[in-house]
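Taken straight from Swiss-Prot:
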{"type": "TRANSMEM", "residues": "39-59", "note": "transmembrane segment"}
{"type": "TRANSMEM", "residues": "76-96", "note": "transmembrane segment"}
{"type": "TRANSMEM", "residues": "121-141", "note": "transmembrane segment"}
{"type": "TRANSMEM", "residues": "163-183", "note": "transmembrane segment"}
{"type": "TRANSMEM", "residues": "197-217", "note": "transmembrane segment"}
{"type": "TRANSMEM", "residues": "245-265", "note": "transmembrane segment"}
Amino acid sequence: MSKEVSEEPEHVRPKDYTDPPPAPLFDVGELRLWSFYRALIAEFIATLLFLYITVATVIGYKVQSSADQCGGVGTLGIAWAFGGMIFILVYCTAGISGGHINPAVTFGLLLARKVSVIRAVMYIVAQCLGGIVGVGIVKGIMKHQYNANGGGANMVASGYSTGTALGAEIIGTFVLVYTVFSATDPKRNARDSHVPVLAPLPIGFAVFMVHLATIPITGTGINPARSIGAAVIYNQKKAWDDHWIFWAGPFIGALAAAAYHQYILRAAAIKALGSFRSNPSN
């Protein structure tokens, strides 16, 4: 007698994470919540502190005239100041506002339906105001040095074209926003939730690396709040000549990163899972 062999179908392991539902495009109900205004305050203060520390570092470095190699922090130190502050501030504010601290990041998350239009617009306003106030404090503390050393404003460096500067801003912001999406992915969060620094750390390190690459080209914008804060307070023609680059570049970079992560990486993973389930040989 032949014995029938019946194989039980393999069970696909359930997901150990949950994708959050898309944020509504217009959520007027947010305007009635204290948590919404608390998040705006957090974004304002975080961007203020970010611009105060980083622009003060830039001005302090430029003031140094000593021949001693240890007389100033140098490009490496400036990059650490920007990356380190993002690490600290994202860590401090992630649970309150999401720790955007950058209109380009907010724009990318809006495109991915992580935040509503109302929240995105209000975040960007709060970030820009925070940037202006932060740079204003720097000018108030070190006015002579501030005016004499370019005010920490983003400008296209001599020897570089507008197109090169725009490309640097697009690629730099792509790196940052792509890192934000990857570090805050629900799947990653579910498995790394016991290590709370794992999201802020790569985001801060991405900012550090981008600054190393692009400080010689544009002074590194990748954050329109940083750029407009310095431009408004410095308020010289050369700070405004190519200012559009520091809005267009970051927003294009954020758009590209959002599309890449949401519609290529995440969509590819969903498609692969569907193919696996529908294949009878698996």
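Cβ atoms here come from the backbone N, Cα and C positions, even for glycine.
When the stretches 39-59, 76-96, 121-141, 163-183, 197-217 are ranked by Cβ pairs under 8 Å to the transmembrane segment (245-265), first place goes to 163-183. The stretch from 39-59, 76-96, 163-183, 197-217 that makes the most Cβ contacts under 8 Å with the transmembrane segment (121-141) is 39-59. At the 8 Å Cβ threshold, with sequence separation of at least 6, the transmembrane segment (163-183) lacks contact with the transmembrane segment (76-96), having fewer than 3 such pairs.
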